[in-house]
Amino acid sequence: MKHFVCVKDFEDYAYQILPRDTLDYYRGGAGREETLKSNRTSFSKYKIRPRCLRDVSRRDLSSIVLGQTVSVPIGISPSSMQRMAHPEGECANKLIKRAENAGFKALVLTVDSPMVGLRVADIKNGFKLPSHLRLANFQGDHSTTVSGKGTNTGSALNNLGDLYDPSLTWDDIKWLKSITHLPLVLKGILTAEDALLAANSGVAGILVSNHGGRQVDGWPASIEALSEVVNAVGDRVEIFMDGGITDGTDVFKALALGAKMVFIGRPALWGLACGGEEGVKQILSILRTEFEYAMAISGCPSVRNIERSMVVHESHYSKL
Ligand SMILES: Cc1cc2nc3c(=O)[nH]c(=O)nc-3n(C[C@H](O)[C@H](O)[C@H](O)COP(=O)(O)O)c2cc1C
Ligand SMILES: CCCCCCC(=O)C(=O)O
């Protein structure tokens, strides 16, 4: 990993070392993977309008997120089945009381998954969890493995029995809020309508996400949907985003468009595959450095200086 200098270096190497069906599960998206691709390509459509002569000799990358200071507003999104990438896997993936007891500061509930999306590569590969691995959070339950038989219209992931509950509604958000004192963040909201319902339910945050393009092809890129959610409720709840972040300039763009913090999914998996915990640390360190350079050279000594006017859609320049 010594000579790896960007997320792409990790991604390329992970493609070489991971078994095909594991790689496809991590890499892949739903359907024709148009949403997956647009998570990346849409970032390129936004341009940074840099400012100059603004004393960037001292730089502060920290932010306050849900009342807590974070040293840099980049986090890791939840990804299942990490132990296929590295034996260390995810070392903290707990349920509500365990999360509270362990000192976690917020709960994130994924609301874009009444079912698991249809992923062509997983269906073709007959994806299942390797037999030595279990879903650790479901120990004792009959569904601790993902080995159900796939069909030509679904993989084992589309046959998870009662691990998924497609009957969930906004009433369940009320219930969840009633059993925990932790601030609740809903992950997977892409519309102003749902953002308003979420804010009215008293959630503390919304993570704008299309689940890495893995649920339904045709959903917008997360960065495209971000402004709709920010405009609807950005003054009432904290807004976060994930999907397609692979560079510090992506972080800058998302923050300028109203995200308080961004999260990465696959880049962390590539780090894990290439170097375990150390690989994940390197991914975060690379993104941090790139973000610091994007901020400073664009004229922002601190995260607070990243203003909405500093990022525009590329169409801005064709109108001039
Ligand atoms: C292999 C894999 C497994 C995932 N598992 C989950 C999951 O269990 N729960 C969840 O909310 N999101 C899950 N996600 C979605 C991520 O949390 C995140 O939204 C997405 O990966 C962000 O896009 P990115 O990979 O382009 O950074 C998964 C993503 C991947 C790639
Ligand atoms: C408890 C098993 C989870 C399988 C699906 C995880 C997921 O969200 C994904 O995108 O894959």
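Every residue gets a Cβ built from N, Cα and C, even glycine.
Record check: TrEMBL places TYR25, HIS211, ARG214 at the glyoxylate site, and the matching candidate among ARG119, ARG308 is ARG119. Matching LYS128, LYS177, LYS187, LYS281 to the FMN binding residues that TrEMBL gives (THR110, SER209, GLY265, ARG266) identifies LYS187. When the Cα atoms are compared, ARG214 (glyoxylate binding site) and GLY265 (FMN binding site) turn out to be 12 Å apart. Spatial neighbours are here defined as Cα atoms within 10 angstroms of one another, and by that definition the neighbours of LYS187 (FMN binding site) among the binding-site residues TYR25, ARG119, HIS211 are HIS211.
What surrounds the glyoxylate site, by Cβ distance within 8 Å of the Cβ centroid and not counting TYR25, ARG119, HIS211, ARG214, is the set GLY28, GLY29, ALA30, VAL116, GLY117, ASP122, LEU157, GLY212, GLY213, GLN215 from the same chain. Between the alpha carbons (Cα) of ARG266 (FMN binding site) and TYR25 (glyoxylate binding site) lies a span of roughly 11 Å.
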